[in-house]
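Student: Below you will find the structure I want to go over with you.
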Amino acid sequence: MTAHLIDGKLIAKQVRQHVTSYVDSLTQAGKRQPGLAVVLVGSDAASQVYVSNKRKACDEVGFVSRSFDLPSDTTEETLLNLVDQLNEDKEIDGILVQLPLPAGLNAEKVLERIHPHKDVDGFHPYNIGRLAQRIPALRPCTPKGIMTMIESTKRPVKGLDAVIVGASNIVGRPMSLELLLAGCTVTTCHKFTQDLKSHVQRADLLVVAVGKPNFIPGDWVKPGAIVIDVGINRVNDGSLVGDVDFDKAKERAGWITPVPGGVGPMTVASLIENTLEAYVKYHS
């Protein structure tokens, strides 16, 4: 058996096309376009690539994209003042502060300063709390994108054993809330988990987000499982690989995401969806 590939690039393209059509209808009706403010502090190379992709996606769907590139020695007060200004700006529907922030800046404080209705990354405690209470508003982008990918398989997930490897605030923890909401029986594995192999082997749905190349051996994967690989790691030969041993896993899984071209494009697509949702729900 060879797994079906879940093509994140294709699904993300479909999402962008849907958003573009909606924005076109707004323009034709004489209404303003949704606006996204993207704030980058410092010159981290990876962050610059991520921000560039997000700005490009905004332009593609017809959003107004405002860029704020600040030096690495920016003070916390300056950054918080900028967030306050963007919170008050009626042309801006979403605010994205690219992480990680340089040393000396409190990311938690900055993210909590963003108004929950403009928190298109979905990281604000208000939005995480809404998800936990089963009344989601703006949802964290990567888990939201993963749910869209899972839905594309057409496999019903209610009652499935779902195992998440990794318990970060960005992916693992909100992913567990998403899968609970979808009706899965959810296990979250972390650095203190004992006998990781036994958990992975029983997973009908496996999400791995640890940032370690080929961390999960492919022969651990349950036959027919849905495998979502969030990791993207550059190895010694310069190639990009995920957190799961793809070559072996694809021979056992029913569906699997490639790396690259899997989860990454869907994270950006979900950001675009969230910005449109913020516009429609809160600011139009």
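Cβ coordinates come from backbone N, Cα and C, glycine included.
Okay, so Swiss-Prot annotates it like this:
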- G166, A167, S168, I232: NADP(+) binding site (BINDING)
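How buried are these features, and what lies next to them?
Tutor: A C-beta separation below 8 Å, combined with a sequence spacing of at least six in one chain, links I232 (NADP(+) binding site) to L240, G242, V259, P260, G264. DSSP classifies I232 (NADP(+) binding site) as coil under the three-state reduction.
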Student: Looking at Cβ-Cβ distances, which residues of the chain lie under 8 angstroms from G166 (NADP(+) binding site) while being 6 or more apart from it?
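Tutor: Looking at Cβ-Cβ distances below 8 Å from G166 (NADP(+) binding site), excluding near sequence neighbours, one finds G172, C189, H190, V207, V208, A209, V210, G211, V230, D243.
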Student: So if I draw a 10 Å sphere around the Cβ of A167 (NADP(+) binding site), how many other Cβ atoms end up inside it?
Tutor: 18
Student: Report the same-chain neighbours of S168 (NADP(+) binding site): residues 6+ apart in sequence with Cβ closer than 8 Å to its Cβ, ordered by sequence.
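Tutor: Expected: A209.
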Student: Using DSSP reduced to three states, classify G166 (NADP(+) binding site) as helix, strand or coil.
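Tutor: Coil, per DSSP.
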